[in-house]
2 protein chains.
Amino acid sequence: MTLETVATNRSHGGTQGVYRHASTATCTPMEFSVFVPDHAPGTHLPVVWYLSGLTCTQANVTEKGEFRAACAEHGLIFVAPDTSPRGDGVPDDPEGAYDFGLGAGFYLDATRAPFDRHYRMKTYLEDELPGVIAKHFPADMARQSIMGHSMGGHGALTFGLRNPGRFRAVSAFSPIVAPSQVPWGEKAFSGYLGDDRTAWGEHDACAMIEAGARVDEILVDQGTADGFLAEQLKPELLADACAKAGIDLTLRMQEGYDHSYFFISSFMADHLAWHAKRLKA
Amino acid sequence: MTLETVATNRSHGGTQGVYRHASTATCTPMEFSVFVPDHAPGTHLPVVWYLSGLTCTQANVTEKGEFRAACAEHGLIFVAPDTSPRGDGVPDDPEGAYDFGLGAGFYLDATRAPFDRHYRMKTYLEDELPGVIAKHFPADMARQSIMGHSMGGHGALTFGLRNPGRFRAVSAFSPIVAPSQVPWGEKAFSGYLGDDRTAWGEHDACAMIEAGARVDEILVDQGTADGFLAEQLKPELLADACAKAGIDLTLRMQEGYDHSYFFISSFMADHLAWHAKRLKA
């Protein structure tokens, strides 16, 4: 398990790094970024996972996310993976669309050819990358939390619901909460999983909650000027599911904010403070 | 004086905009970004000018600068211009190098052909753009300050020294302090101003101070791991000039930081707090 350092930069009283390794899950090289605040020798810090949205690599949040000041303040490691496998032989959307294939792995293991060979982001992120982080960084893997944006909000919610004992906090920015019911999810799930909708429910936060999956609480920020709000995001479906399930959802509709990093960065420090409180409880 | 709105995004409790106008100084379209925090109707806010470094447009600091939270907290408008004229007919470096021509205007008015027609960033930023800001934004032009990075640090220092009554605070990240004495400046000044070095001194912070220009105080942050430190930046020359002139220079050597926005963003909030204190005094 060799880890290649692509770049490191000192920032906000810590080290922002970009790393590359050969993934056994995706059978490709994978890049991710990690911020580690300065810390006393021998100490281990809680880990916040950030899953990015459609079209993104690790670079978007690493450059625009404004997370480092808060991570340094609270003593949190921040891990930002890529959103799909990439490289030679990795199939893409047949028409090169932004919402399937490269940059659009949807945080699941594909079962349909030709995507089933490389598109295994669930196994990569649930089973493989945590081991890499534990081995190479001063990470306290008993204290993890997860957040994400849009498709990555979908990832954070579904990973959190599937692993309630692993993640002490789950939050999202403008998440896809019910992919089975919206165009982005219908296209992705058809392509990666096939047309049998019973398999879709395992990767659909609202369906998972209806089927009994539970976390104690969820924090969601959603901009009211988000162009994807009505067609793709539908936070009211998550609100309904959480209300019925007794999950304590804090859904904050942020007036005038859109779907961009100008929105995410505005509330990143809030989310990290909320995570820190739960990671250190 | 028509102002075209390229984009606006709500962010950090304010509005981040990108705007375009036809500049009479450069005879080209010019783009700039402005962040305006929410404010009571009818109030006018102090203005912080940020001048960017080589290769940058307004977009670099707008996306990576992490200035909005602090500007919202202190009630500051943040203006980020481009670093050169661009567009049809604007001459570039003959070999397309990054350190001359496009993205490298050096905040002066060129006197040598063919650059003298469009490369007029001094007139653009000292005379023209302030009028645009005053007309179209809720700006209190009696309370302005200026900062910049690298080539933009050179711009901030020279504009501040030339206009001590206009700018209530002057600061810089890793500035070029003595362009006449370093390769970047020698190339740019030769190309834009010609070989007569007497003209160079009007755009060289250290030379201006030696010739009698004064500001009360200057704040500079400089990374010790900056690859340009020894050859291009030479902050010790500014320290010497300020010491002789009685200018109160705070020069902070930041251990391990480099020349990137990972560095700038780490100390942006510090600089803005320092500016705010002086803008509101």
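Using N, Cα and C of the backbone, Cβ positions are placed for all residues, glycine too.
Feature list (source: TrEMBL):
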type	residues	note
ACT_SITE	B:Ser150	active site, charge relay system
ACT_SITE	B:Asp226	active site, charge relay system
ACT_SITE	B:His259	active site, charge relay system
Three-class DSSP secondary structure - B:Ser150 (active site, charge relay system): coil
Other CB atoms, at most 10 A from the CB of B:His259 (active site, charge relay system): 23
Per DSSP, three-state class assigned to B:Asp226 (active site, charge relay system): coil
DSSP-derived structure type at B:His259 (active site, charge relay system), helix or strand or else coil: coil
